[in-house]
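Q: Mind having a look at this structure? Questions to follow.
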Amino acid sequence: MPQALERADGSWAWVVLLATMVTQGLTLGFPTCIGIFFTELQWEFQASNSETSWFPSILTAVLHMAGPLCSILVGRFGCRVTVMLGGVLASLGMVASSFSHNLSQLYFTAGFITGLGMCFSFQSSITVLGFYFVRRRVLANALASMGVSLGITLWPLLSRYLLENLGWRGTFLVFGGIFLHCCICGAIIRPVATSVAPETKECPPPPPETPALGCLAACGRTIQRHLAFDILRHNT
């Protein structure tokens, strides 16, 4: 684990809060501007309304459904790396989508890859506020949500301007560069010292005759550990 550089409720926590606001504006605000490109995409690929609408649907679905995968990455690599990884994936997805020749490619690049990257950046930036803020945690979460409203306001204005001057392919290419700002926000999230020291328990080694877990059993153990289904099971 990296050495802790900051402490909770310190001055750097407000810088992290600003980075979280920017990240939320970039990720949660982006889906609101997709409708501006609907007619252009429909004409470009000669597609019906339902076929074109799959692009924003996949993007929004992956943005929210990939939360469990994001939690695994946060537990393994930390919030800083996960936010930066999300920025890279979102950028690569938008850059690749600008070269799409059909809707299937657009579904995968701008829908799946970009949605996955935005999920990593959004979920991780929200999680890190719980480490940086203790006494003002409620206020920090309230201020962080203001970034969404800023993104909802600014994304459509920028999208319309770029679409009129660069077309949808050039606009998506510029969006790829904009999403790289999530990497800058992730770099701001420095390791923070926690007030609770991790517990160290010595567990006896498993008996040698115990067979190795199968693939399905191992996946079940991993899901149960990260999603904490035991809380629901023991508190029905």
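Cβ coordinates are placed from backbone N, Cα and C, and glycine is handled just like the others.
Predicted automatically and left uncurated, TrEMBL annotations should be read as such.
From TrEMBL, here are the annotated features:
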- 12-38: transmembrane segment (TRANSMEM)
- 13-236: domain 'Major facilitator superfamily (MFS) profile' (DOMAIN)
- 54-74: transmembrane segment (TRANSMEM)
- 81-100: transmembrane segment (TRANSMEM)
- 106-131: transmembrane segment (TRANSMEM)
- 138-158: transmembrane segment (TRANSMEM)
- 170-189: transmembrane segment (TRANSMEM)
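I'm curious about the neighbourhood of these features; can you describe it?
A: Counting only same-chain residues 6+ beyond the ends of the transmembrane segment (81-100), those with a CB under 8 A from a CB of the stretch are 23, 27, 70, 73-74, 106, 109-110, 112-125, 128, 169-170, 172-173, 175-177, 179-187, 189.
Nonlocal intrachain contacts for the transmembrane segment (170-189), taken as residues 6+ away from its ends with a CB within less than 8 angstroms of a stretch CB, comprise 15-16, 19-20, 22-23, 26-27, 30, 37, 79-84, 86-88, 90-95, 97-98, 110, 114, 117-118, 121, 124-125, 128, 159, 162-163.
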Q: Taking residues 6+ outside the transmembrane segment (12-38), which of them lie with a CB under 8 Å of any CB in it?
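A: The answer is 6, 52-53, 55-56, 59-60, 63, 83, 86, 90, 118-119, 121-122, 125-126, 128-129, 132-133, 140, 143-148, 150-156, 158-160, 163, 168, 171, 175, 178-179, 181-182, 184-186, 188-190, 192.
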